[in-house]
Amino acid sequence: MATVPELNCEIAAFDSEENDLFFEADRPQKIKDCFQALDLGCPDESIQLQISQQHLDKSFRKAVSLIVAVEKLWQLPMSCPWSFQDEDPSTFFSFIFEEEPVLCDSWDDDDLLVCDVPIRQLHCRLRDEQQKCLVLSDPCELKALHLNGQNISQQVVFSMSFVQGETSNDKIPVALGLKGLNLYLSCVMKDGTPTLQLESVDPKQYPKKKMEKRFVFNKIEVKTKVEFESAQFPNWYISTSQAEHRPVFLGNSNGRDIVDFTMEPVSS
């Protein structure tokens, strides 16, 4: 962040009429105290800005006026070529601004202090260990069933986003959205039981690096299989039933539920 330092020398104040004259379209008529030389009249010489080594006592408005003046110089209609380049102002910016780091001690859920970085995504299909595919049955419900032939195209493609969360050697936080749809798997409490649902989101806001915890799953690799544990409800996993054509749900791995999946990457 750039701030204007307090300086220790007097400079004449500009009033609005002087500023209007200073920024006249024809050309600047005079520049007070800021430059030792500024020659616009000689067609054989380029514009040269010379900065006094003595710090000047400028308010922020005067500093901005200087920058606006330079912008006006760029736009002046002159018949002679100028060698005034974009990099020229950099020589005196250090006299006006001081650079300070922006520090953040904590993160909060309203994302006001979170600067999202580009999200790494992987498109994939998931099948349970019985080779049942996941399909979108109702507008907001996934079901697991066996597909073959032309029906194989019905299985959903997930957009797996690698998000912020508690990362360990065997757990990677991810969010699971349905590719091409504004739907994400999320975990909420319903009637006292952790429940898996498909939640509609604003595509302008999602995906993002810091997803709400209900959207986050810990991807756990077990040999050639993967499991997805809810970050909101530890020890509860995305599960399928032993039976055919049953909804995908959140289970607590009691031995009857299927929690192991194979992941098939899909080109984007």
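Backbone N, Cα and C define each Cβ position, glycine as well.
Among the features that Swiss-Prot reports, site 'Important for interaction with integrin' is placed at Lys171 (among others). For Lys171 (site 'Important for interaction with integrin'), other Cβ atoms within 10 Å of its Cβ number 17.
Annotation comment: Swiss-Prot describes Lys179 (among others) as site 'Important for interaction with integrin', evidence class similarity to another entry. In the three-state DSSP classification, Lys179 (site 'Important for interaction with integrin') falls within coil. Non-local contacts of Lys179 (site 'Important for interaction with integrin') by the CB criterion (under 8 A, 6+ apart in sequence, same chain) comprise His123, Val156, Val157, Phe158, Ser159.
Sequence-distant neighbours of Lys190 (site 'Important for interaction with integrin'): no residue of the same chain at least 6 apart has a C-beta under 8 Å from its C-beta. The feature site 'Important for interaction with integrin' is assigned by Swiss-Prot to Lys190 (among others).
What Swiss-Prot records for Lys204 (among others) is site 'Important for interaction with integrin', and it gives similarity to another entry as the kind of evidence. Lys204 (site 'Important for interaction with integrin') is surrounded by 6 other CB atoms, counting those within 10 A of its CB over all protein chains shown. Classification of Lys204 (site 'Important for interaction with integrin') by DSSP places it in coil, neither helical nor stranded.
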Residue pair Lys171 (site 'Important for interaction with integrin'), Lys204 (site 'Important for interaction with integrin') - Cα distance, angstrom, rounded: 28
Give the helix, strand or coil assignment DSSP yields for Lys171 (site 'Important for interaction with integrin'). coil
